[in-house]
Amino acid sequence: MALGHDETLRSLASPSSLQGPELHGWRPPVDCVRANELCAAESNCSSRYRTLRQCLAGRDRNTMLANKECQAALEVLQESPLYDCRCKRGMKKELQCLQIYWSIHLGLTEGEEFYEASPYEPVTSRLSDIFRLASIFSGTGADPVVSAKSNHCLDAAKACNLNDNCKKLRSSYISICNREISPTERCNRRKCHKALRQFFDRVPSEFTYRMLFCSCQDLACAERRRQTILPSCSYEDKEKPNCLDLRGVCRTDHLCRSRLADFHANCRASHHTATGCPADNYQACLGSYAGMIGFDMTPNYVDSSPTGIVVSPWCNCRGSGNMEEECEKFLRDFTENLCLRNAIQAFGNGTDVNVSPKGPSFQATQAPRVEKTPSLPDDLSDSTSLGTSVITTCTSVQEQGLKANSSKELSMCFTELTTNIIPGSNKVIKPNSGPSRARPSAALTVLSVLMLKLAL
């Protein structure tokens, strides 16, 4: 009897059993808050659920399997919506939903699993519309000379400033993450992380992805991309912890654990797909990556290389002992992740993989509004024209009455056409007399003319 339940537990806890709508007997998941309400309304289910939670609390797995009352509770709940329940990222009661999910599933596996099933609903939509918007503004299809010179990450920041919600939440996290607490404490990381989570959960991905995954041709652009999340506060620390220790800390928090599991589910490199991503879904991977920002496992670009895309959490594998192989494997899921690298490059290029037999039907996308909006403070506003990106020595922001954070990597700033500041650098970007670059509106005009010619 115990052996049968052992197999049941393994199958219920495996990622394949929780991810595949193509499997026989699969039923559409209900969110765990609703599933809990349905179970509570049925006396048999609610009593068995309470029993199972008691079985999973403070008992090892073998003891639970040997207990007939626990086995009976497991059999009843197998048929309830609680086993198939999922959560939506950013939903109103997300934490409550995840607590219900993990209250059951944490006890279903033997020991720590390297890859855990995602508690979130599978992503079925694609990024084609957003890719198409990105290609218009990145200059794909326009003059390749103009496109090569453009700082797409700066363009992305300007587009954010044209959207009220994006502008407000971006201003908030920049202000919080740049606020020095004391000479020895450069910022309040907890508040910085919370502000970043709000930004990436509440701002549409057409803005956040363009800031995180903009394509770059030079060092200035790549450094701006690296600085998007204010890494001196949100990412870097005095010392790098061991990656497995960091994972352990992350897994003590339901939200962080869920975001990490979701990243593994959607970005785990696959050799059976054209893109290297599960189900060839770039959107699922990019969304899962963005979803980890603002937690202990926050990832970021490791350097300012414009061509080599390498991301990692702030950790290494020193002191892993006999767990070094597992630690290296965990770290490679970030630093050498084919799926994630392809997804970032595809977004930057404005391309996607068409996996459907027929051409996808796109909804019309609109350019960001260009009506006048109040200017951000000097440390937040972005220039309205683009200049040649070069690195220059900059004066201290203290000249403008702002305090600068200490960071060994923030000694450089970037010259654009008008005075500007890269988020997190706290360095002034001086005007440059270099030639202005084509604006997004010019790319739209060129695209419209080309489409008209093709139609004729």
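Placed from the backbone N, Cα and C atoms, the Cβ positions cover glycine too.
All annotation found in TrEMBL is predicted automatically rather than curated by experts.
What TrEMBL says about this one:
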COMPBIAS  373-384  compositional bias 'Low complexity'
DISULFID  Cys39-Cys45  disulfide bond
DISULFID  Cys153-Cys214  disulfide bond
DISULFID  Cys160-Cys166  disulfide bond
DISULFID  Cys177-Cys192  disulfide bond
DISULFID  Cys187-Cys233  disulfide bond
DISULFID  Cys216-Cys221  disulfide bond
DISULFID  Cys243-Cys315  disulfide bond
DISULFID  Cys250-Cys256  disulfide bond
DISULFID  Cys267-Cys285  disulfide bond
DISULFID  Cys277-Cys339  disulfide bond
DISULFID  Cys317-Cys327  disulfide bond
DOMAIN    32-109  domain 'GDNF/GAS1'
DOMAIN    153-233  domain 'GDNF/GAS1'
DOMAIN    243-339  domain 'GDNF/GAS1'
CARBOHYD  Asn349  N-linked glycosylation site
CARBOHYD  Asn405  N-linked glycosylation site
REGION    1-23  region 'Disordered'
REGION    355-384  region 'Disordered'
Query - Number of helical, extended and coil residues in the domain 'GDNF/GAS1' (32-109), per DSSP - result: 52 helix, 2 strand, 24 coil
Requested in this report: Find, for the listed disulfide-bonded residues Cys160, Cys192, Cys214, the residue with the lowest Cβ contact count at a 10 Å cut-off, counting only other Cβ atoms.
Outcome: Cys160
Report summary line: One should report the C-alpha separation between Cys39 (disulfide bond) and Cys216 (disulfide bond), rounded to whole angstrom, as 51
Requested in this report: On the DSSP side of things, how many residues of the domain 'GDNF/GAS1' (243-339) fall into helix, strand and coil, could you say?
Outcome: 52 helix, 7 strand, 38 coil
Query raised in the report: Reported in the order helix, strand, coil, what are the DSSP residue counts of the domain 'GDNF/GAS1' (153-233)?
Result: 59 helix, 2 strand, 20 coil
Query raised in the report: Whole-number Å distance between the CA of Cys45 (disulfide bond) and the CA of Cys317 (disulfide bond)?
Result: 45
Query raised in the report: Given the disulfide-bonded residues Cys221, Cys243, Cys250, Cys277, Cys339, which lie within 10 A of Cys327 (disulfide bond) by CA-CA distance?
Result: Cys243
Report task. Compare the C-alpha of Cys233 (disulfide bond) with the C-alpha of each of the disulfide-bonded residues Cys214, Cys315, Cys339, and give the closest one. Result -> Cys315
Requested in this report: Based on Cα distances to Cys192 (disulfide bond), point out the closest of the recorded positions Cys160, Cys243, Cys285, Asn349.
Outcome: Cys160
Report summary line: Looking only at the disulfide-bonded residues Cys243, Cys250, Cys315, Cys339, Cys214 (disulfide bond) has its closest CA neighbour at Cys339
Report summary line: One should report the C-alpha separation between Cys250 (disulfide bond) and Cys243 (disulfide bond), rounded to whole angstrom, as 10
